[in-house]
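As written in TrEMBL, here are the features:
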- C:44-64: transmembrane segment (TRANSMEM)
- C:101-124: transmembrane segment (TRANSMEM)
- C:130-150: transmembrane segment (TRANSMEM)
- C:171-191: transmembrane segment (TRANSMEM)
- C:197-220: transmembrane segment (TRANSMEM)
- C:232-265: transmembrane segment (TRANSMEM)
């Protein structure tokens, strides 16, 4: 290969001007990328990420709000339900109270009525007894007067005689009942 | 045509030399990448580490081929 | 090109001298402006400066007009930035320690990719990374960064001890291992970064140029049955151009990833 125009080793031997221009290019490119290009795009990326995150946060907030509203509504529903149940229970107990009271009162009335009836029966009995006693006495006196004549005109004698007679009758009936 | 003319080889022997020199690194690089793929397939969770080692080995082996490339220019 | 006839003559086919075989001296073009001064420029430097200017202009306008809701172009640029950040830096180094290196790796990745792509742009036709100095400077940047990280995070001596005398190795092995490791961290890492990029650009350019030179030769200059080969080489040229575009991105990716790996090695084991 002696005929080759240049020596291949020269490929690897740097020329001064080559080094100079390469260094210039490298520095310029590096400064461009470090100071302008990448910060700019990083800012864009960050802004975009922030925006997306903001959007997500907003959506999350809306979701949370909706959840809260739903929870509130459900709570209200629950309390209402509980209230209704309570009111129902109250009404039920009250109704049973009323029924019980009414029953007690009715029983008391019934007892009262019974007692009154008993009482009036007893007093009528007493009355009947008293009037019977008077009538029977008068009858007996009249009878006895007719029998004894006018011996017994004096009222006092009449009365004492009647009393002793009734006592005897009573004793008799008591003795018979025994 | 005498024997010497018959057996004469002209042209660049360095090209042949580079061809020979490229065989070893060629096989080596093939093995490196093949094994890296195999290893990653077996344990995908180590993929990053395997890839790092793969490139390291590739750099070393490739340098042999590059040496062959330079040697063609230097030893003539 | 000088010497082309002799080179082709050795293949045994009597090719015409017009076959313009691409040579490596295309990568050592003559100085055209300010020749002889330290500020001289050759073709590749011109390409590099123009590529830089265009890149700064395009990215600058994109950044200046960047809006919260991205358009199509801004979306693409943002995708690139996020790709570098997530798939290269954070993938290798993790988010915590990777954060301070995101600007550096982004600069490396985008610049190298744009410079590489100059290789397939018509009228440039030459990657801006196609002199050795540019890749070398990128590599030196990485080199400086990983030494700085090592000194800051571990201290120089601790770092050297860890790299040169790793634990769990039999003592006699250190005799071989220590010098090898030293060469690795001082020379091989930056050199391999630079040479890989440079060699890819050189080889890519040569292959594409060869394909089109052969097409030129077969189709236009030798009007005979060879025209069929011309169609073949033209197709090859197209494929190789596409392949170069792929390689441009791939090499930028490899450079950026390896830079991350090297810097990451300067840090202590996963915290």
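Positions of Cβ are set from backbone N, Cα and C atoms, glycine also.
Note that the coordinates shown come from a computational prediction; the quantities given were computed from them, not determined experimentally.
By the Cβ criterion (distance under 8 Å, sequence gap of 6 or more), the transmembrane segment (C:232-265) is not counted as touching the transmembrane segment (C:44-64), fewer than 3 such pairs being found. Listed stretches C:44-64, C:101-124, C:130-150, C:197-220 were compared with the transmembrane segment (C:171-191); the greatest number of C-beta pairs under 8 angstroms is found for C:130-150.
Within its own chain, the transmembrane segment (C:197-220) is flanked in space by residues 15-16, 18-22, 24, 26-27, 112, 116, 119-120, 125-127, 129-132, 135-136, 138-139, 226-227, 229-231, 233-234, 236-237, 240-241, 243-244, 247, 251, 255, which lie at least six positions past its ends and keep a Cβ under 8 Å from the stretch.
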